[in-house]
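A.B. asks: Handing you a structure now.
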Amino acid sequence: MKLKRYLLVAKPGIIFGNLIAVAGGYFLAARGSVEPMLLLATVIGLSLVVASGCVLNNCIDRDIDRHMERTRGRVTVTGQISLKAALAHGLVLGVAGFGLLWWRTNPLTTALAGFGYFVYVGLYSLWFKRRSQYGTLVGSLSGAMPPVVGYCAVSGQFDAGAASLLAIFCLWQMPHSYAIAIFRLKDYEAAGIPVLPVARGIAVTKIHIVLYILAFMAATLALCLGGYAGYGYLLVAVAVSLWWLAIALTGYWTADDRVWARKLFAFSIVAITALSVMMSIDFQVAPATHLVASLF
């Protein structure tokens, strides 16, 4: 039972979601040439770093978590794990994760993981989440790091492919997070967290959601146009983007914003999972000229 508490405080659901993303970035860069030890080190190392960030986030959020129905049962709120023990747990996970990334990948990969960690723990959790409606935007930078870390573990450089992944996953985070904020609106209001639906209302948030999905759609095409992914990926990217946009647009005449937001959230998981899988397997592209060049 005690082991389960230490597992739960690390938010295993978030870790699993990031595993899919980091694998997508890794396989995209590897293009069929997989080094098993590098893959394992990247996946395990980043998982430990993410787990560490989640534990420290739980420690920081103890005061606001007790006001939210979704989070008031967390072990850091109920006292099932002491603050001292949770902090030690988080720090050990972080040291192990960064140590493994430094030892088995490359300095750039470790630095990118460190940047994401700093943004999530230092900027988002400690400051922006509590004080600004732009906290979601700041947090999206850390949420977009896993696929970039996976990609750069192979490539060793931050190129256009890495930049495309950063844009795709940053832009995806916004509608995904806003959907959560809408169907959990009362929780955020009770905790005094100024997410966009609380600060400016659901109507304004719906506009932002549509605009971010349009930007996400454009960003997903960059991997194919730049020669990093193939036509299968392109087909899936267009399909999931259009379907996600269609769901977003139904929000303008929905009778129940919470039901609509849950649908939007659920499909966001489908969309990003589908893209991660496709970029993992559809790396066969035309040589050098790339699709964008072949159009002229």
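Each residue's number is its place along the chain shown, starting with 1.
The backbone N, Cα and C atoms fix where each Cβ goes, and this holds for glycine too.
OK, Swiss-Prot features for this one:
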- 7-27: transmembrane segment (TRANSMEM)
- 36-56: transmembrane segment (TRANSMEM)
- 83-103: transmembrane segment (TRANSMEM)
- 108-128: transmembrane segment (TRANSMEM)
- 134-154: transmembrane segment (TRANSMEM)
- 163-183: transmembrane segment (TRANSMEM)
- 207-227: transmembrane segment (TRANSMEM)
- 229-249: transmembrane segment (TRANSMEM)
- 265-285: transmembrane segment (TRANSMEM)
A.B. asks: Mind pulling out the one from 7-27, 36-56, 163-183, 229-249, 265-285 with the most Cβ pairs under 8 angstroms to the transmembrane segment (108-128)?
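C.D. replies: That would be 36-56.
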A.B. asks: With Cβ-Cβ distances below 8 Å as the criterion, list the same-chain residues six or more beyond the ends of the transmembrane segment (163-183) that contact it, or say none.
C.D. replies: 21, 25, 28, 136-137, 139-141, 143-148, 151, 195-198, 202, 205, 208-209, 212-213, 215-216, 219-220, 222-223, 226, 228, 244, 248, 257-262, 264-265, 268-269, 271-272, 275
A.B. asks: Near the transmembrane segment (265-285), which residues from the same chain, at least 6 beyond its ends, have a CB less than 8 A from one of its CBs?
C.D. replies: 17, 20-21, 23-28, 30-32, 147, 168-169, 172, 175-176, 179-180, 183, 220, 223-224, 227-233, 236-237, 240-241, 243-244, 247, 291
A.B. asks: So which residues does the transmembrane segment (229-249) touch in its own chain, when a touch means Cβ under 8 Å and the partner is 6 or more beyond its ends?
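C.D. replies: Counting only partners 6 or more residues beyond its ends, the transmembrane segment (229-249) has Cβ contacts under 8 Å with 28, 175, 206, 209-210, 213-214, 216-217, 220-221, 223, 260, 263-264, 267-268, 270-271, 274-275, 278-279, 281-285.
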